[in-house]
Amino acid sequence: MPWVRPKKKSAKWLSFSFSAIFGHCFQESVPVLCLFFGIACACRVSEDLIIMDLRHFLMCLSLCTAFALSKPTEKKDRVHHEPQLSDKVHNDAQSFDYDHDAFLGAEEAKTFDQLTPEESKERLGMIVDKIDADKDGFVTEGELKSWIKHAQKKYIYDNVENQWQEFDMNQDGLISWDEYRNVTYGTYLDDPDPDDGFNYKQMMVRDERRFKMADKDGDLIATKEEFTAFLHPEEYDYMKDIVVQETMEDIDKNADGFIDLEEYIGDMYSHDGNADEPEWVKTEREQFVEFRDKNRDGKMDKEETKDWILPSDYDHAEAEARHLVYESDQNKDGKLTKEEIVDKYDLFVGSQATDFGEALVRHDEF
């Protein structure tokens, strides 16, 4: 996900910058630029600081300082794993909480617990109409899987929505490369010697390459889905090559097109003159030799890097979709009608009734 660079004459970015930079640097696997760029740019804007929560700002600043001054003791994780669908235990004999979280997303699932059974069924029926992508009156396992993946990544779509109006300058429902470039870089490109030390032209070239990759029809105009792929390339299969390429460019310090052992370790850990490596660094060296470098040539190529940062995880969404179809398919034709889904509404969504029933179970156990 490319961080949003500030415009020289605008301060709107500030309300977004800290949460985006922190969340991305510590959670995302996609390479990002230095965290301190957010702090450096924050110094450019004085009038908007007064509207920020001062405690939040100081907390961010102190975290940045600690991050900058301390030698890293925990490894940087570039590996992108599919998140769990729920933190609940998947045990339908006890409750359907896991299924509710998987089908709706954890936050949305909570809202259904406040509804009557009739209201839950009505809202579920409307959701089924959205899941039935081809409008043939049936919900397939594939359509359920797509819906579950969408529900689980709501935070991504919310992030895109929050940025959309900032970049869609002509309000045509699309974002062109020119719009993104002008909003993101503004007059920085006109400054031959920026005082923050960043090469904005080089940054723009990298962003343009990613934008073109996300833009499937090649017209340099992004739909909302294409713009989402640009901001979150790790979530899209057709963008995975660019994720690997950007990662290798970040780590491959000698620019030979490979990642050797010292580059691999150097991306995670800085010696700072200390000869004693933490135990986890030694383990990572072993991991590189035994598992990362599959052909044993002492370095990782593109495919080996891809296997490292984008592993083929167990597909939780596919397993859950299969489970929901199996439990709800009354005539066993391998697909679900709206009636079959609504009949099993307590499996898909909650309500006051199911929440009350689960409360009774918990009370009896207590």
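Quick reminder: no glycine exception, Cβ is built from N, Cα and C everywhere.
Residues or ranges marked as domain 'EF-hand' by TrEMBL: 119-154, 155-190, 202-237, 239-274, 316-351.
Between the domain 'EF-hand' (119-154) and the domain 'EF-hand' (316-351), the number of CB pairs under 8 angstroms, six or more residues apart, is three or more, so the stretches are in contact. Residues in the domain 'EF-hand' (202-237) partition by DSSP class (helix H, G, I; strand E, B; coil) as 25 helix, 2 strand, 9 coil.
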